[in-house]
Amino acid sequence: MKSCLIEIIFVFVVLHLDEGVDSAAGRTTADRILSHGYYSESHSVTTSDGFTLQLFRIKKSRRSDNGPQRPAVLLMHGFTGSSDCWVFMGPEIALSYELVERGYDVWLGNSRGNPYGMRHSSMSPKEKKYWRFSWHEIGTIDLPTMMDYILRETGHSALHYVGHSQGTTIMFVLLSSRPEYNHKLKTAHMLAPIAYMKNVRSELLLDMVPLLGTYGPLTAALGDEPFMQQKFLQQMLGFEKCRNPDADMKMCTYILFSIYGGASGYFNESIIPEFFATHPASCSTHQAIHFVQLHVSGHFRQYDFGPKGNQKRYNRSTPPDYEVSNIQPRFPLHFYYSNFDELSSKKDVEKLSELLGNNSINHFIDLKRFVHLDFLAATNVKEVINRGVIERMDEVELALKGRNDDSWLVVIVNYNKFE
């Protein structure tokens with residue numbers, strides 16, 4: 001079925017049926033937050049190249065309870081995700097609400113092209129050139145724009161960060177490309193991190209290799225499209241049906257596991273309708289192509305435009321690798337990964353960790369069938385992931401209390417003793 005899925009996706013897009021992007025309204029992140037008994041603020045930021053991105057700030061009450069005494073945390077979604085992914089599981093599971101209850105000022109980010117990052121100053125999503133971006137632009141433009149806005153709003157000089165999947169990739173891109181942002185981080189928690197992808201086991205991604213692994217006319221034609229957003233395609237793949245609580249949950253679970261990184265042993269089928277109400281969120285097909293290119297090349301590098309395109313853009317025939325040696329945060333990055341994740345493999349994560357040396361700390365999740373989505377939505381995610389993330393944030397906040405920037409080195413030495 002997986003091979004059939006990928007063939008259907010690309011054959012359909014090649015036909016260029018003019019249905020546009022299915023922007024079915026439904027509930028927003030703010031609606032979901034309110035339904036869970038919390039409140040939120042909505043903030044809009046505009047990138048240097050014209051995209052308007054919506055940030056959501058979670059609050060315990062209607063009054064302003066997000067003062068400078070509350071450490072800021074930015075949570076960033078993965079591929080085909082949005083800010084919805086941090087709240088749809090509800091207060092019993094979601095890390096976002098746990099952080100709020102522990103006194104953190106929680107911000108949920110969104111990237112260009114998703115339902116909360118669709119607006120542009122001069123382009124429409126109906127135009128092909130609108131979708132001419134990858135996660136490189138999200139990492140080098142969107143992410144720093146959101147970080148800078150949050151730091152201005154809160155008066156902090158640094159923030160905590162949690163990224164899932166592509167949400168980790170864009171932070172690796174940012175710190176490699178704009179190393180000054182290393183000093184704008186306190187702790188950074190990389191859930192199912194993705195940089196190197198040589199050992200990926202996802203059949204869906206591997207099925208894309210013959211079509212998109214090498215740059216060619218098809219890459220350009222398919223790249224300038226939203227990924228899996230045509231309404232007819234969503235109906236054909238079962239996404240529309242799975243938004244209905246009366247759908248066949250076993251089939252919907254199979255579809256979800258086929259696309260999102262493996263069969264979980266900790267997944268609650270009851271959240272299927274809510275999951276498909278928010279996923280797959282719109283994004284550019286170039287983002288998917290870029291991940292496929294990482295697998296083919298074995299490198300963590302910029303988008304491959306082919307020899308001629310690379311020469312024009314990079315003044316060389318191959319795309320440059322990201323300078324991971326520039327990743328030197330004040331506190332080590334935290335990697336949370338497992339051996340059953342089909343998209344973020346243990347071997348690839350540990351390759352990056354080895355390159356980073358003391359700038360990263362590994363937290364291997366030694367649980368059978370703990371897969372890509374489980375880092376967000378497993379029934380045991382509070383114990384396996386959330387608890388450690390919050391404890392490590394708390395440790396740094398305690399260490400920093402009463403210290404100024406001149407004391408960072410002392411704090412780092414003490415912090416490393418915790419691990």
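Each Cβ is built from the backbone N, Cα and C atoms, and glycine gets one as well.
Just so you know, TrEMBL annotations never went through curation; they're auto-generated.
Residues or ranges marked as signal peptide by TrEMBL: 1-20. Annotation source TrEMBL lists domain 'Partial AB-hydrolase lipase' at 30-89. Under the heading active site, nucleophile, TrEMBL lists Ser165. Taken from TrEMBL, the feature active site, charge relay system applies to Asp341, His372.
For the pair formed by the residue listed as 'active site, nucleophile' and His372 (active site, charge relay system), distance between Cα atoms is given as 8 Å, rounded to the nearest Å.
Within the same chain, residues at least six positions away from Asp341 (active site, charge relay system) with a Cβ under 8 Å of its Cβ are Ala192, Gly261, Gly262, Phe370, Val371, His372. The Cβ of the residue listed as 'active site, nucleophile' has 29 neighbouring Cβ atoms from other residues within 10 Å, across all protein chains displayed.
In the structure as shown, the Cβ atom of His372 (active site, charge relay system) sits within 10 Å of 26 other Cβ atoms. On the 0 to 100 pLDDT scale, the domain 'Partial AB-hydrolase lipase' (30-89) averages 91 in the predicted structure.
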